[in-house]
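Read the structure below first, then the notes.
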């Protein structure tokens with residue numbers, strides 16, 4: 001019966017409908033598996049009580065044959081930077097270690113209204129600032145692929161590493177991550193699962209503790225493209241609590257079976273600037289292979305140029321640090337969060353609380369961001385970065401005149417070993433890790449990472465598709481087409 | 001640009017010499033007006049003034065992580081309406097920005113304001129300056145308006161001897177900041193401008209202007225220079241909380257004899273607010289002309305503009321024949337003007353007489369009782385009735401004051417009933433008055449003798465006797481004539 005966790009949402013929903021399994025049984029095995037895979041550190045908090053409560057309610061609905069949606073009873077995970085009512089939401093930080101929100105993020109609320117069962121709050125880099133899920137006060141998450149022991153393991157990628165592991169191991173069918181520069185797609189790529197970064201504004205940010213407001217989007221992690229669509233259909237659409245959410249009504253996506261699709265005359269671009277000196281041979285070969293497969297399926301593959309790609313990382317770095325400096329200024333230990341034992345003055349209370357409550361990465365970004373925002377530097381850094389951001393967005397606007405989708409690597413390599421990864425600074429790692437994913441955030445366009453194959457070392461290799469704003473239906477359809485052809489050997493197949 | 005909670009230095013002008021006459025001052029005002037809305041600028045929390053501490057607070061107002069601002073549409077409409085009344089140009093696109101600084105009652109660590117492009121710019125306002133105690137007559141002047149922007153207020157810190165407490169009821173309250181050009185020359189002009197602004201805001205109902213509730217706060221920038229020389233160091237006076245204060249603080253700056261700067265904050269460094277665009281709010285679009293795609297349309301709002309003080313003053317003069325000074329005083333006191341207009345609607349009367357009755361007699365009577373116009377417990381038409389009775393000669397002006405006093409004591413009697421009850425009706429009947437006057441001339445032989453021997457004062461004494469004998473009821477104008485007639489016969 002445990003193997004049910006290795007299937008997909010459509011199958012589980014049918015089994016629930018046919019009463020071949022109950023929601024409580026499903027919840028039990030999910031919670032059991034969460035315990036079994038604890039050493040990979042997917043969760044900061046396992047929400048067992050809440051899961052059982054939600055499970056009971058869902059089971060009642062199924063017993064009456066009145067499930068709310070296809071997500072009713074489905075175990076999921078939420079990254080621990082989304083506010084969950086009465087459930088501690090830490091951002092993997094000392095600052096919010098004991099922070100219990102009184103409200104649900106819109107994404108959490110919508111999933112709950114669809115009947116999902118929350119198994120746990122998943123691990124991340126502190127305040128989502130990272131690309132490895134190594135900078136968490138609760139320790140790093142560990143990749144299941146290539147794991148040997150606690151000294152020899154690969155990183156999950158990040159910052160949504162916990163969510164990725166929860167999905168890859170089958171604890172959950174889907175998980176919510178966040179994606180600012182690649183934080184959903186990067187760990188999806190390293191963990192061999194599907195990771196979608198929707199169009200900016202398609203999914204509400206209300207309740208997502210922000211990293212870079214103008215780029216953050218809730219991301220979706222699943223094992224299959226169909227499951228990704230099911231979850232997207234449950235959470236997308238206008239939210240009056242988020243003034244940047246798209247007011248155009250969301251139309252639910254329905255994908256045809258992969259066998260019935262055709263790629264005839266679909267124009268897919270290969271941006272040459274995504275070929276980078278750090279790109280590994282295995283990833284490069286996979287990129288070519290898939291391009292060839294698509295071409296032989298009738299698509300038109302075309303080399304395109306996006307000349308400003310190389311500036312994206314430095315531009316992102318500036319914008320990121322400025323918004324971080326601003327967003328983090330609310331953590332002063334007064335209203336909520338960590339408060340240092342310091343009563344000599346208000347200023348000292350702030351300084352000590354912030355110094356003790358944030359890790360070095362966060363403190364560095366705050367300091368640099370404030371430097372960039374100084375009146376004398378504003379033009380030179382922040383405003384210039386905004387201009388470069390527009391140029392990068394223009395690259396995308398122009399390329400859509402030639403092609404409908406872009407195919408690129410998601411990450412330059414397979415998942416690095418933890419001990420190698422931590423040799424480099426957070427800053428250098430982000431520059432390297434986000435290279436292929438980050439431009440989509442600059443432009444706001446949707447992007448999806450699809451697992452393709454395993455490398456000779458047995459580590460997942462993934463590719464990324466990007467499309468124009470709100471092109472999710474086509475993006476997901478082509479992702480499903482590729483998924484069907486490559487038949488990636490999922491980790492759960494061997495459980 | 002600064003919310004109430006933030007205290008910036010108050011530098012008293014240096015370079016103030018004793019020879020006042022050669023020095024000129026330049027005054028610029030910045031006004032924070034609280035928008036009279038039910039909920040806050042970016043959250044649904046209520047704005048009620050007297051609510052218990054920390055009860056008007058939404059998650060957003062306390063900067064709970066993950067919360068986002070949602071712009072209150074009503075506040076934008078109020079801002080646009082006010083900007084139009086101040087003859088500003090509305091920016092078709094304006095932006096919100098974050099202004100950073102740490103203060104305990106500023107939970108997010110930044111204030112959302114409009115730094116790059118405010119809601120409106122380049123306005124101007126004409127107004128009359130008239131302080132009866134200072135000016136013999138009124139004069140008109142004009143002030144430019146640099147900009148009008150929307151921003152949130154901060155909370156309030158309460159400092160105990162060993163701890164600080166924070167009340168976030170004010171945090172996020174919507175403010176309009178109006179920045180005036182430094183076009184004023186003294187405190188009288190500043191006070192007159194604020195009076196005019198209050199008149200406008202109250203007519204628009206976009207701000208209650210209750211200074212005691214902090215709904216209107218004024219910061220003054222004062223520069224002093226010698227005639228023909230460049231402007232001196234700018235002095236900033238924060239949070240002047242009453243119209244009177246505008247003059248007082250100004251005067252103090254003028255009279256300062258010591259050539260010193262008094263800093264209020266420990267560090268005299270310029271704060272760098274590290275402005276940044278607010279990424280959670282899209283640009284604010286204001287439509288103009290026939291287009292409106294669900295956004296706010298400035299031209300539609302313009303149609304709802306009520307009569308403004310300057311228009312009201314002109315109407316009072318042109319249509320109702322009041323003097324300029326009467327129109328200024330009435331328009332400055334909305335409650336008094338309201339009484340004037342309501343009473344007038346009950347029928348024609350001598351408007352100048354009525355205006356004077358309100359400005360002189362009613363004000364004086366209210367002052368004595370320490371009451372305000374809005375405290376009046378009787379129908380405004382009663383006041384008009386009194387003046388009509390004076391006009392018709394039914395009562396004297398002195399009796400009019402007595403009737404007013406009676407009305408202010410309470411009770412439901414109308415002026416006519418009061419007059420009848422007290423037998424205060426003026427005696428205007430010619431024959432009856434002649435009879436009274438003749439009998440006085442007969443009785444008061446000494447006074448008459450004095451008068452006939454050339455003592456003019458004695459005539460007044462006779463009139464005094466009439467008043468006394470008739471309990472102020474005699475029509476004095478007529479008695480005056482009758483006495484003259486009767487006494488002139490005697491001289492012959």
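Note: Cβ is positioned from N, Cα and C throughout, glycine not excepted.
The domain 'Amidase' annotation in TrEMBL covers A:26-476. Per TrEMBL, active site, charge relay system is recorded for A:79, A:159. Annotated active site, acyl-ester intermediate per TrEMBL: A:183, in sequence order.
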Simplified DSSP label at the residue listed as 'active site, acyl-ester intermediate' comes out coil
Between the C-alpha atoms of residue A:159 (active site, charge relay system) and residue A:183 (active site, acyl-ester intermediate), the distance in angstrom, to the nearest integer, is 5
Mean per-residue pLDDT in the domain 'Amidase' (A:26-476) works out to 96
Students should find that the Cα atoms of residue A:183 (active site, acyl-ester intermediate) and residue A:79 (active site, charge relay system) sit apart, in Å rounded to an integer, by 11
Reduced DSSP state (H/G/I helix, E/B strand, rest coil) at residue A:79 (active site, charge relay system) is strand
If you count the other CB atoms within 10 A of the CB of residue A:183 (active site, acyl-ester intermediate), including all protein chains displayed, you should get 37
For residue A:159 (active site, charge relay system), the number of neighbouring Cβ atoms whose distance to its own Cβ is within 10 Å equals 38
